[in-house]
Amino acid sequence: MCLPKEGWQVYSSAQDADGRCICTVVAPEQNLCSRDAKGRQLRQLLEKVQNMSQSIEVLNLRTQRDFQYIMRMESQIKGLRSKFRQIESDRKMLVNKNFQELKGKMESLQPLIPVLEQYKTDAKLISQFKEEIRNLSGVLMGIQEEMGAYDYEELQQRVLNLENRLRNCMSKLTCGKLMKITGPLTVKTSGTRFGAWMTDPQASPKNNRVWYMDSYTNNKIVKEYKSIGDFVAGVESRTYNLPFKWAGTNHVVYNGSLYYNKMQSNIIVRYSFETGRVVTQRALELAGFHNVYPYTWGGFSDIDLMADELGLWAVYATNQNAGNIVISQLNPDTLQIFNTWNTEYSKRNAGESFMICGTLYITNSHLTGAKVYYAYSTRTSTYEYTDIPFHNQYFHMSMLDYNARDRTLYGWNNGHQVLFNVTLFHIIKTEDTS
């Protein structure tokens with residue numbers, strides 16, 4: 001019986017502190033790229049050539065400088081020649097004066113003597129470099145002949161195959177397990193203590209619009225910004241006046257529509273930004289509302305709408321489940337429930353929660369020492385206790401949502417709009433190509 005090979009282990013993270021994307025791949029042991037004698041010899045050769053190149057560059061600058069000295073020396077020698085001719089033509093006139101001028105010019109030539117000596121040394125060094133390069137070229141040719149044309153082509157093809165396999169591997173990185181949360185990065189400070197801001201995880205890479213919804217109740221104004229930059233600068237592109245006020249801060253934008261909880265009801269509203277109209281609204285049956293089953297911080301946060309790699313979700317609590325959290329996956333078009341999972345975790349004891357790859361992560365984000373401490377997998381219908389800390393910098397989190405496109409957490413932290421970077425762990429099985 002043949003056991004499967006160890007898989008690729010991929011730790012992927014959305015971005016670093018400078019906003020650059022990160023994906024670190026720890027691959028299984030491979031025999032194709034072992035550090036053999038040839039590899040070491042080639043690396044040493046490369047380092048030597050690079051050092052020589054730098055030395056020659058310095059030498060080139062120095063010889064250019066010396067060349068200027070030589071040009072001045074040539075001019076002064078021509079001047080001396082002229083003075084000698086003048087003295088020869090009239091030895092009795094101004095002999096002493098001309099002698100002093102000649103003496104001065106000779107003294108001015110003294111500093112050029114060590115320059116000429118250095119110039120000779122540099123020329124010798126250039127000759128040595130040429131000989132060194134000639135020897136190195138011979139070594140390189142020997143290595144190439146030893147490898148052979150067939151081996152080189154085969155190695156190149158294997159490298160290309162590995163690159164293709166890596167691209168295929170990376171294309172499969174749609175889901176993983178949460179391992180770490182870093183940050184936050186404070187994007188802006190604005191609004192009241194409570195609110196929500198978000199981008200659309202289904203939007204194209206060129207579409208970076210931001211939506212901003214201040215306060216948790218008695219408001220229906222949504223502000224739109226064309227980019228994060230415009231959001232920071234406060235340059236609004238459009239304002240939407242919703243037909244119904246919202247409850248809580250747990251809204252989500254998904255595929256061009258805003259999904260939110262209608263105030264004082266368990267009705268979910270889908271509002272299209274393109275048409276400026278309500279497309280669908282549907283009651284989330286049995287769901288508590290209006291501070292019956294909110295998160296610990298309150299704020300009418302009974303119904304939490306969120307999206308991840310697998311689609312649209314609603315997180316809430318019901319009397320039938322004794323106030324414990326219920327997870328429902330929704331049809332984004334009709335808002336009908338695809339499937340529902342009943343957990344045994346009290347909704348009132350949770351700070352905030354978010355979905356990644358079909359797993360609900362619950363936090364105590366209302367506390368200073370915040371962390372993710374509970375995870376429920378809808379794939380296996382099982383839960384586990386975790387210990388993933390994150391920095392609650394401004395002491396009160398009223399919104400925390402995952403964006404699958406950015407691989408980041410958007411947060412509203414006591415009037416500060418912040419971003420957290422997440423690290424996910426993946427194991428992807430590879431095929432035996434030997």
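The backbone N, Cα and C atoms fix where each Cβ goes, glycine too.
Of the cysteines listed (Cys169, Cys175), TrEMBL assigns Cys175 as the disulfide partner of Cys357.
Of the candidate ranges 42-90, 189-237, TrEMBL annotates residues 42-90 with the feature coiled coil.
In the predicted model, residues of the domain 'Olfactomedin-like' (174-426) average a pLDDT of 95. Each of the disulfide-bonded residues Cys175, Cys357 was scored by the number of other CB atoms within 10 Å of its CB, and the largest score is that of Cys357.
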